[in-house]
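Visitor: If you scroll down you'll find the structure; I have some questions about it.
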Amino acid sequence: MSNMDFLPISKEDLKKRNIDVLDFIIVTGDAYVDHPSFGTAIIGRVLEREGFTVGIIAQPNWNNIEDFKKLGKPKYGFLVNSGNIDSMVNHYTASKKKRHDDFYSPGGKSGYRPDRAVIVYCNKIKEAFKDSPIIIGGIEASLRRFAHYDYWDNSVRRSILEDSSADLLIYGMGEKPIVQVSNLLRYGMKIDSIKNVRGTTYIEKDISSLKDYIEIPSFEEVSTNKKSYAEAYKIQYYEQDSIRGKTLVQKHKERYVVQNPPQPPLSQEEMDEVYALPYARTYHPMYEAEGGIPAIKEVKFSITSHRGCYGSCSFCALTFHQGRVIQNRSQDSILKEANMMTNMKDFKGYIHDVGGPTANFRHRACKVQEKHGTCKNKQCVFPKACKNLIVDHKEYLSLLRKIRKIPNVKKVFIRSGIRFDYLMYDKNDEFFKELCEHHISGQLKVAPEHISDKVLNLMGKPTRNVYDSFVKKYYDINKKIHKNQFLVPYLMSSHPGSDLKAAIELAQYIKKMGYTPEQVQDFYPTPGSLSTTMYYTGINPLTEEKVYIPKDQKEKRMQRALLQFSIHDNYDLVKEALIKAHREDLIGNGPDCLIPYNKPYKKSHKKNNAKNNNNHYNKNNNYNKNKDISKKNKKNSLSKHKKRK
């Protein structure tokens with residue numbers, strides 16, 4: 001592909017297109033990948049469709065002001081985002097250690113973007129072009145639009161609008177608001193006069209003219225009073241709906257952050273239009289010499305079928321970004337994309353995914369949402385299914401069958417998360433059966449996250465019984481279709497509410513599973529999530545109940561070690577945790593014991609894998625099917641718990 005297949009990135013590109021001055025310049029923390037899985041590509045192509053000229057400055061050197069000047073000054077303004085991931089999450093692990101890789105950068109190497117990229121980029125743009133309007137968007141801006149707890153500073157920060165000095169913030173999915181804002185600018189309206197576009201947030205000195213709004217506790221209040229913080233979050237959480245949501249206001253000293261209500265979800269026709277735009281569907285050729293951009297590998301042959309999620313997991317901030325209302329593409333649109341993929345030169349016959357935030361949420365949760373919006377204080381699937389929930393996989397199954405029939409398609413995988421409780425609510429097993437038969441490559445990844453019901457309740461996840469039922473049904477179906485397929489459970493340690501007792505309960509469950517899960521992570525308090533509010537305040541803002549928070553680093557390491565108790569290096573931490581919790585009964589050689597009395601000699605990794613009854617996964621998350629594992633071990637260690645998720 002040539003540069004002409006992409007949006008312009010240089011003065012040379014502008015010259016070839018006979019563009020003297022660009023209308024907009026997008027500055028992004030990611031490398032430039034022109035694919036609909038990347039927000040920069042979508043916004044750029046949407047604006048191009050509307051008749052605007054758009055240039056891209058990807059990962060500018062923030063220490064060199066000239067990098068921000070290389071495309072000149074835009075006619076209407078700069079659009080700034082940190083990339084597909086919050087820059088702090090991208091750069092640091094849950095234990096605040098620096099990451100050494102970055103899948104959204106050339107060659108997968110880190111160091112191409114600054115911490116707090118949106119703020120840094122905006123400050124540099126103001127330095128280069130003092131009076132040029134700046135509009136911020138994307139995940140980093142969207143989830144930091146109000147005063148928010150910042151895990152890396154361990155303090156409450158102001159709205160990112162204040163810290164970045166941007167003129168306007170677009171939150172959530174930005175196609176509709178950016179078109180409306182850009183057209184207002186084209187008609188001659190000044191950026192500081194644009195105050196009525198849904199899905200936008202701005203700073204205001206005087207709110208006397210505002211009507212029908214809710215004022216939440218101020219920055220000064222939430223930064224000094226945790227109850228006020230919890231109250232502010234609760235109001236934000238309840239008002240994220242395009243039909244019933246109100247304008248929200250939060251005072252920051254003498255000014256006010258004003259959030260207009262969310263934009264209505266995209267219609268199916270609008271979704272189809274967005275995904276039919278002329279994307280190059282790969283990274284810009286300028287990265288070829290550096291090894292390309294690793295992030296394209298997972299999405300190049302994946303299809304986004306819908307947006308939104310009504311699962312409402314507490315640790316996920318999707319409610320604040322994509323929303324709870326499902327927005328889906330038509331089958332025709334998806335089939336056209338699948339057919340197009342088969343004509344790409346590097347297509348090998350495998351479509352890696354057809355899904356969204358939750359693969360099997362292909363339609364709205366209920367008909368009530370269409371007229372009245374999402375319920376204010378009630379969830380669709382938690383703690384149990386709402387009586388109005390539409391449980392039906394028929395349309396999704398129909399779509400998958402059609403894709404499977406496309407010439408040159410060998411296999412269609414589903415790698416987006418499957419919501420197993422929703423799957424269990426469906427009395428028709430047809431989808432479940434075909435999922436196992438056609439759409440899994442030996443294993444299905446599922447996210448029970450924990451097994452203690454008190455922790456699951458705080459996570460917004462279904463109870464252990466639901467998961468156990470799913471596990472059993474999964475293996476029953478696989479047995480019937482004569483497939484030896486496994487489950488890979490994602491598990492989380494140190495979530496709010498999880499104490500050592502809960503972690504030990506999970507460790508005992510893992511012991512019965514018969515293998516050590518690799519998909520384990522510590523809870524990561526990222527901006528915008530309900531769980532992060534619990535972590536900071538020690539309060540569940542929705543119930544106002546106090547919540548136990550494991551903040552001590554030693555305890556957090558113990559909880560994580562318990563989830564991988566059979567790993568040699570974790571022995572001391574596990575033993576210390578069991579003694580601290582007065583669970584010495586789990587130390588010894590009995591069948592229920594987690595560890596022996598004495599620390600065993602450390603074996604080589606290769607040798608340990610061959611003899612380990614826990615049957616570690618290999619690096620590709622496949623079960624290590626070593627010949628040394630007897631059939632008896634396989635049967636007893638694995639078959640019971642393959643059913644999970």
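In case you wondered, yes, glycine gets a Cβ from its N, Cα and C as well.
From Swiss-Prot, for reference:
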type     : residues               : note
DOMAIN   : 295-566                : domain 'Radical SAM core'
BINDING  : Cys309, Cys313, Cys316 : [4Fe-4S] cluster binding site
REGION   : 598-645                : region 'Disordered'
COMPBIAS : 600-609                : compositional bias 'Basic residues'
COMPBIAS : 610-624                : compositional bias 'Low complexity'
COMPBIAS : 632-645                : compositional bias 'Basic residues'
Visitor: Note the Cβ centroid of Cys309, Cys313, Cys316, the recorded [4Fe-4S] cluster site, then list each other residue of that chain whose Cβ lies within 8 Å of it, in sequence.
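Guide: For the [4Fe-4S] cluster site, the extra neighbours are Gly311, Ser312, Phe315, Leu318, Thr319, Pro357, Thr358, Gly460.
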Visitor: Would you report the average pLDDT that the model assigns to the domain 'Radical SAM core' (295-566)?
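Guide: In the predicted model, the domain 'Radical SAM core' (295-566) has a mean pLDDT of 96.
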Visitor: Give me the non-local Cβ neighbours of Cys313 ([4Fe-4S] cluster binding site): same chain, 6+ apart in sequence, Cβ-Cβ under 8 Å, ordered along the sequence.
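Guide: Glu449, Met459, Gly460, Lys461 - these are the non-local Cβ neighbours of Cys313 ([4Fe-4S] cluster binding site), listed in sequence order.
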Visitor: For Cys313 ([4Fe-4S] cluster binding site), which DSSP three-state class applies?
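Guide: Reduced to three states, the DSSP call for Cys313 ([4Fe-4S] cluster binding site) is coil.
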Visitor: For Cys309 ([4Fe-4S] cluster binding site), list the number of other Cβ atoms lying within 10 Å of its Cβ atom.
Guide: 24
